[in-house]
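Since the structure comes first, as structure tokens, the remarks are kept for the end.
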Amino acid sequence: MGLSIHSLRKLKERAQPIVALTATEYAMARILDQAGVDLLLVGDSLSMVALGHTSTLPVTVDELLHHCRAVRRGVERALLVADLPFGSYEQSPQQAFSTATRFLKEAGVQAVKLEGGYPRMTETVAFLTESGIPVLGHLGLTPQAVHQLGGYRVQGKTAQAAERLIDQALALEGAGAFALVLEHIPYDLAGEISGKLVIPTVGIGAGPHCNGQILVTHDLLGLTENPPPFVNPYADLRALISKAVGRYSADVRAHGSREE
């Protein structure tokens, strides 16, 4: 039986870390699901790793839906969550609801992820959760606001900024978010937030004190040319693929094929 949003709460209660990764297509989603990943996110990071853009901003709702449908076919166990892309939910709770329902109805995801905190986003999260749509919050470095933040920088470094993030986390929990992603914030702050919340936190570049961890799978596997500084790849598939293609190319050019 597949995991639900309540399963993640139980993992936190048992002090069992949540394992989360991103997925963009069927084959990889199936591998990750069978490997026991708890949460799979079809993230707007696919704008960069799958579509070749330089930020998450250009990806559209229809593009993300296409990838979500492919990933859905490969997932049996993991909780499947989709990012709502930039420009598809910020205007109003009603706009967010209209977009989110497409992901649940057309792509079969179980929840959506929104970036940002109060006041506007807590109102939106409350509207969605009261309407039956589970929401994963996202605080700290929020890539959709990269221009406003002045780049991909650590957030919450000052006492005032840290206090604001704590308040936002509590507000999102109060609005009904089932979990929070904490990205690129000081490790001790991530631990403090995790301790104050009943809902689980999932960190990315936020240290070991969150209730789980998430990475972009392309970064984890060494497929990204320039991964974020906080990523320690667990494989070098870029080099492995290059070597395999090189061997194949050499065989074809020398013998026509390897079938003999």
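Cβ from N, Cα, C; glycine included.
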Next on the checklist: Just to be sure I read the record right: D44, D83 are listed as binding Mg(2+) in Swiss-Prot. Which of E13, E106, E115 is listed for the same site?
Outcome noted: E115
Next on the checklist: Fewest other C-beta atoms within 10 angstroms of its own C-beta: which of the binding-site residues D44, D83, E115 fits that?
Outcome noted: E115
Checklist entry - Rounded to a whole number, how many Å is the Cα of E115 (Mg(2+) binding site) away from the Cα of S45 (3-methyl-2-oxobutanoate binding site)? => result 13
Checklist entry - By CA distance, which of the recorded positions (S45, K113, E183) lies nearest to D83 (Mg(2+) binding site)? => result K113
